[in-house]
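Only one structure is covered here, and it is reproduced in the block below.
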Amino acid sequence: MQSKLAQLVIFIYLITLCIPTMSYKVEPLPDSYAGLGEGPHWDVARQSLYFVDLEAGCLLRYDYRQNKTYRTQIEGETFATFVLPVEGNDQEFAVGCGRRVVIVNWDGVSPVAKVVRTLFEVQSDFKENRLNDAKADPKGRLFFGTMRYVGDEFTHRHGELYRWEAGGNVTVVKSDVGISNGLAWDEKANKFYYIDTTDYEVKSYDYDFKTGVASNPKVIYNLRKDSPKTHILPDGMTIDTEGNLYVATFNGSTIYKVNPNTGECLLEIKLPTKQITSVAFGGPNLDILYVTTAAKFDQPAPAGTTFKVTGLNAKGYPGVNLKL
């Protein structure tokens, strides 16, 4: 009996040696502070990470080759909720300003940028709403959402999720939204993933890449805990080449790597600050996970810093430029 027990102990020990351990490294980007950092977008052509300081109306660009961050103030604007390079024009960017999607001219270096035109405005009757997260889908269509920024977003669910493509009109994808947030697509699986923070969950949709139509929503990851006070708030999101999601949490100091097919959390990536707002893969090999954070409600340093996470043994996709 003792011999069999000893063999079992040795067997278990050998198995544990074979289980891979995940060793990742978290490092700050230089001069990357944003009071409410959001919207990271990796631009392959310029080997740069674009992101926003949302409530300051500022755009930022981290240049990988120079290891330097540039910052610009958009003239006359209070909000910059997202930034997307425009396809075919290396100095034009689509930016969310208030409830307007505008085109901003910026050379990526100058401290001041200017709005050159407005593409459209949504929810003009909802003065207490603003745009929030946005991305272009793999075909270059714009998906973006709104939220209430005055009062309680959990009670007043006046936000919406929209789709827009060049030559077309703005289409409502989903109403009854509290805080429209994370967006990701998987072309291999024909899926679209979406986060409304106030639902405390990640949903998957069947997605037609020819038409841009999302259907059949299904909850694939739930972040509810014992009570609303302890629920984890999902924020931005990205996807790797194996189809796993990376979900940022605004009140959790953690990015969850999730298998959307099983709902299993594969990895918890810990950050040295609480308010994790969004994530995007980038770098020359698309194997660096860039992370924006916030310093809301008097969070201590290093809150608001943008980080890079290496050693994840995963690769993602570059950001998609907006087609006008």
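Glycine is no exception: its Cβ is also placed from the backbone N, Cα and C atoms.
In TrEMBL this protein carries:
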SIGNAL    1-23  signal peptide
DOMAIN    36-294  domain 'SMP-30/Gluconolactonase/LRE-like region'
BINDING   R130, N132  substrate binding site
ACT_SITE  D235  active site, proton donor/acceptor
Among R130, N132, D235, the one of these recorded positions whose Cβ has the fewest neighbouring Cβ atoms within 10 Å: R130
PLDDT averaged over every residue in the domain 'SMP-30/Gluconolactonase/LRE-like region' (36-294): 97
Cα-to-Cα gap, N132 (substrate binding site) vs D235 (active site, proton donor/acceptor), nearest whole Å: 11
Rounded distance in angstrom between the Cα atoms of R130 (substrate binding site) and D235 (active site, proton donor/acceptor): 16
